[in-house]
Amino acid sequence: MANYFNTLNLRQQLAQLGKCRFMARDEFADEAGYLKGKKVVIVGCGAQGLNQGLNMRDSGLDVAYALRKEAIAEKRASWRKATENGFKVGTYEELIPQADLVVNLTPDKQHSAVVKAVQPLMKEGAALGYSHGFNIVEVGEQVRKDITVVMVAPKCPGTEVREEYKRGFGVPTLIAVHPENDPKGEGMAIAKAWAAATGGHRAGVLEFSFVAEVKSDLMGEQTILCGMLQAGSLLCFDKLVSEGTDAAYAEKLIQFGWETITEALKQGGITLMMDRLSNPAKLRAYALSEQLKEIMAPLFQKHMDDIISGAFSSGMMADWANDDVKLLNWREETGRTAFENAPQFEGKISEQEYFDHGVLMIAMVKAGVELAFETMVDSGIIEESAYYESLHELPLIANTIARKRLYEMNVVISDTAEYGNYLFANAAVPLLKEKFMDSLQAGDLGKSIPGSAVDNAQLRDVNEAIRNHPIEAVGHKLRGYMTDMKRIAVAG
């Protein structure tokens, strides 16, 4: 198998990278109807597998779980989760031949083995579904030509897919049909029904290509969504403690600070996040973010280049073949960091204090979001896609850190995201230590910036620069489709 993207000519690559269409609400008038009366079999019962299955069942679909024989015999976690939630569970041989739609929600590294096992069992004309296109695009999986291949990719961790559905809403979702596998022309109908069954149609659905989803998803999770939060957490904690801040206070400011800050980002973009600061603090955060963008732009560009070329995927798949030695070592190193092992702070930090004492963190968020967005757009990815992969998902990832620090984030995200996160953070931390952290001033982190006179013209220009960034325009439009967004922050 060869990397699918690299088999395309330049025109085809650009066309698939740039495929992105916001779908009208009336396109989902039938909701999940196209799949009602058909059998949906999910392979894998992790965070996405279980929570998508629960939503689909609540939407009236016939859902069962196909697990490996040994997982059933040994009553592993996947078997327990499926059975405890009242789902029918069976082996591949028992359930796959009956399925109209087989949804592969196992980890990326297992996809090839799963497809090899289920494909001979699938009936003619059935459909195969993914929630991430890595196996199709980067591995280059070849699927039988009578099988329809579709993707429904909720833009958040699996736990939030369920929580937003239970709130009566949903999460923004990308859907796609693999152009090499749509023999009956029903791929889009299947994908739309599946997306509606998870609740995604209530928050907005984008019609994508497999290529656009994979390349933008990898870039977002490696840089701003996970890598920047990990690097920022470690750098900010160490900086605070080195300057005499109580370790417990420093830990809480960072652990819950990302979530509180990005809640404003979720509701009103970078503009609202920056408006939560005093005018002197806003000017300082803007200046810091511009410095960060200049320093980190080459790192963001390198990650995008390696994603586009396939170099990132090749390196990660080599680690898969080597029993995840790099991934496991990086995971262990993260667990040993001072931030992860700091004591808990029992006092209360007010919501505004997270902003006032977190100017550097706000600058990191602004710089990371804008850089990820700009780098993706410069590479041919459409602005709407870049928005979802750089800004929209950030509060959801920050929420995982608020639960159990970096450990929780890395447990919830996929192994692919975790690997890319470490790759980015391991480069960003020394880079910023060398070129940035020693230049910080009093009030940038852990204390409020003192009140001072503000130049009106400078403030006007900064406000205009913030509001006129392209991500703010596209964000305003897309948030208009998400009028039922619920607050998720739990900080206190």
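Including glycine, each Cβ sits where the backbone N, Cα and C put it.
The structure displayed is predicted, hence computed values, not measured ones.
Residues E389, E393 are recorded by Swiss-Prot as Mg(2+) 2 binders, and the candidate that the same record lists for that site, out of D182, D217, D238, is D217.
In the shown protein chains, 21 other C-beta atoms lie within 10 A of the C-beta of G158 (NADP(+) binding site). In the three-state DSSP reading, S414 (substrate binding site) counts as coil. Take the Cα of A47 (NADP(+) binding site) and measure to each of the binding-site residues D217, E221, E393, S414: the nearest one is S414. In the predicted model, the domain 'KARI C-terminal knotted 2' (345-485) has a mean pLDDT of 94. When the neighbouring Cβ atoms lying within 10 Å are counted for each of the binding-site residues (C45, A47), the highest count belongs to C45.
In terms of Cα distance, none of the binding-site residues chosen from C45, K109, E389 sits within 10 Å of H132 (active site).
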